[in-house]
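Okay, structure first, notes after.
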2 protein chains.
Amino acid sequence: MTATPTRRADAQRSIEAILEAAIRSLGRNPEASVSEIAKAAGVGRVTVYGHFPNRADLIEAAMTRAIADGHAGLEAVDLSGDPRDALARLIDSSWQLVNQSRSLLIAAQDVLPPRRIRELHAGPAERMERLVERGRDEGVFRTDLATAWLVAVLHSVMHGAADEIAAGRLTADEAAGHITATVLAAFTPPS
Amino acid sequence: MTATPTRRADAQRSIEAILEAAIRSLGRNPEASVSEIAKAAGVGRVTVYGHFPNRADLIEAAMTRAIADGHAGLEAVDLSGDPRDALARLIDSSWQLVNQSRSLLIAAQDVLPPRRIRELHAGPAERMERLVERGRDEGVFRTDLATAWLVAVLHSVMHGAADEIAAGRLTADEAAGHITATVLAAFTPPS
């Protein structure tokens, strides 16, 4: 017997509630347990495990959802004009998202390897890539290193900033300025 | 009854053999199991678990050992002269170590959060810090961002390069040049 449309809709609503609860709970405490998340979603642990076989799967799905939501929100960032100014605006808005999700990011870093976290950022990375390409075409970003490398540098520096805040060596207020100052210098064509 | 000196010496030899086997086995395959490592060390699994309660503890100890060995090896790098040239030499030698241990690093990234991996690099980070400080004093590295931040950027970019190689977007031969070109630009005082 296959699931009826109603059953599928119920399952979908249950998944939505669990993901929202996971983003909320892990956003407050990166060590939130599956039981806590289930409680926050108003479902039983068995229901959560029915959709997500283990805590890492649930965290990966929550991270995927948070990135997709953030990515959609970045549509509003003005990427026209001088590519350096556009990059500063994009870093600023992207950092707000990383910063809001810092606790969720720490939860993800605890259970997923960095390469997987990078893969989950394919959408945001693509947007960044297009802007970097335009900056290269216009001669304001360096072309002696590949675009993919420059985007990787930005990703590494941004997530490194989240670790520095966690370690108490950087404040959340300083971070966007530090990331922008570092990345713009790193992207400048060598003289 | 406390352990006799002989017993303690036996335990120490057994730990040494296990750590060497772990570095070797994980250096070939980041997914090497505790059984494989025990076999390579010529001891039983129970002996390994007697010293390291779980696989993550064993990987952390192996990583700590590999970093300490590498750190000692870096003593030989000439850090005198122009700080930019010295940094390029230090990055080159450090990268050789990261590159040789890329498979071990991936194993560590799979079981340890990035902040813990950063903590294990306190020794190498200190050496880098002293060089960055000298470059700031001599006016060739920027002083508008903290030394700790600049060292964090280097760490993030270097480990990001290992991920890029794993993802097939960068070759091991290109990496040192890319890291140096990126970091030297990022460290340059803004004009």
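Placement of Cβ uses the backbone N, Cα and C atoms for every residue, glycine included.
What TrEMBL says about a protein is an automatic prediction, not a curated fact.
Feature annotation (TrEMBL): of B:33-52, B:53-72, B:93-112, the stretch labelled DNA-binding region is B:33-52. Using DSSP to sort the residues of the domain 'HTH tetR-type' (B:12-70) gives these counts of helix, strand and coil: 48 helix, 0 strand, 11 coil.
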